[in-house]
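**Student:** First, the structure itself, so that you have it in front of you.
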Amino acid sequence: MDSLKKFKTTKLTSQDLNDFKIKLHAKYIEMLEANNNFFKFKEAEKQGKISKEELVEYKNKSIKAKKAFKAICQDKSFSENLKNITKIYNSTTRKNSSVILEQAKEELIEAKNLKREARDSVKDHGRGAQLTKLDKVAIKVENLKFKYAPDFPYALNDVSFEINDGEYVAVIGHNGSGKSTLSKMLIGVLSAQEGHVSIYGNVVTQDNLDQARKFLGIVFQNPDNQFIGSSVEADIAFGLENKRVNPKEMQKIIYDSAKKVGMENFLDKEPLNLSGGQKQRVAIASALALNPDILIFDEATSMLDPKGNREIKEIMVELRDKMKKTIISITHDMDEILNADKVIVMNGGRMVKIGKPEEVLKEKEFLRSIKLEIPFLSLVEEALGNEGIKVKHSQNMDELVKQLCK
C-alpha cells in the first residue's frame, strides 16, 4: 500500500517523543524561573528597589513563558500522527495481504503508544526525557571560547579535543590556565559563547542540559560542601531521592556504591567525622549511585594528605579499569598524569599540549616554562636513562622498582 509506505517515511518515532519531552521540560523550567522572578521583583517594587516599569518587564516575561509552555503542552503532532495511521488502517481491506494488514496494525499500536506517552509527559512536565548515545566519543569540545566579561581576556580560547568512552584523561595547568573554567563548561555551570560541548554525540544546549548531566558524576575539591545528611547512607540516598529512584531498589544501590569504594562498613557514620580520603570516597560513592558513564574529578585530591591522595588516585584507576568509566581529572598535581591515558595541558586559556603522559613529559623544559612541576618518578626515569639504564614509562614507584629488579 502506497499510503502505508509514505506514512513510514514521515511518521513520528520514539526519538521525536524524547525531543518533545526535552523541549517540554525546558519550557517548564523557563516558566517556573520567570514566574519566581516576577514574584521576587514584585516584592522588590513594593520596597522601592525597582521601578514599576521594570516590574512590568518581568511580568511580561512571565506571561510569555507561560504562553510558550502552554503552546507546547497543546502540541497536536502526536494526535495527527495517530489520526493519519488510523485512516490508513481503516482503509486497509481484506484484499490486502496479511503482511500489509499486520504492518498497518503495528504502526497503529506504536502511534497510540506515542500519543499516550506524550500525554503523560505533559502531566509529568517532560521529566522522563533521556539522551541516547549516538557515538562512542564521551566528550567532544569544539572551538570553545569564553570570557567572564566583555573587556576581560579569554578564559578559554578556541579549545578543541575529544575524550573517548573509557579513557582516563588528566587536564593539567597552573592557576589561571583555564582548566577550572573548562570544568565548569563540561558540567554546564557556564555556557559557551562560541563553540560547543557534545556528550556521546549530543550537542549540549540549555534545553537538554538536565538530560546531558545524567551521563555525568561530579566529585569536587571539598566534599564537606556536598554533605547534607547525618550519615553516609543518608548522603548517598539524597542524590537518589532527587532522581526519583524506586525506594525498593535504593538500599541495594547505596550498599553496592559504598562497597565499590570500600565504605560499606561506614554507612552509619557521620560524614564530617571521617578522614579526608574517606570523605572523598563517600563523594565518589554518591556519584556512582546514579551510575554515570563519565566521572569528573575537580581537584579532588588537592586537599588530601599523602595517604588519602594515593587512595583516591587508585580508586580513579579502578573506576576506569574495572568499571569501564570515563575519567576526567581536572588537576594541578603532575604526579596524577602518570595514571592517565591522555593528558591535556592548559595555559593562558588555550590547550597547548595533548598526548600520552610519556609524550607530554618529554617536553620538560616547556612544562617548566609554564610553571608545572615534573613528576619525581619521571625525573628518576630520566636520570636512569642518562646513566644508560633504559626503563619503560611507569605509573608509580612500585612499577619502576619491579623493572629495576628485573
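Here, residue 1 is simply the first one shown, and the rest follow in order.
Each residue, glycine too, has its Cβ placed from N, Cα and C.
Copied straight from Swiss-Prot:
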type	residues	note
BINDING	Gly173, His174, Asn175, Gly176, Ser177, Gly178, Lys179, Ser180	ATP binding site
DOMAIN	139-373	domain 'ABC transporter'
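Help me picture where these features are in the structure shown.
**Tutor:** Ser180 (ATP binding site) falls within a helix when secondary structure is assigned with DSSP.
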**Student:** Hey, what's the Cβ neighbour count for Ser180 (ATP binding site) at 10 Å?
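**Tutor:** Other Cβ atoms within 10 Å of Ser180 (ATP binding site): 19.
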**Student:** Provide the three-state secondary structure of Gly173 (ATP binding site) computed with DSSP.
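**Tutor:** Gly173 (ATP binding site) sits in coil per DSSP, no helix or strand.
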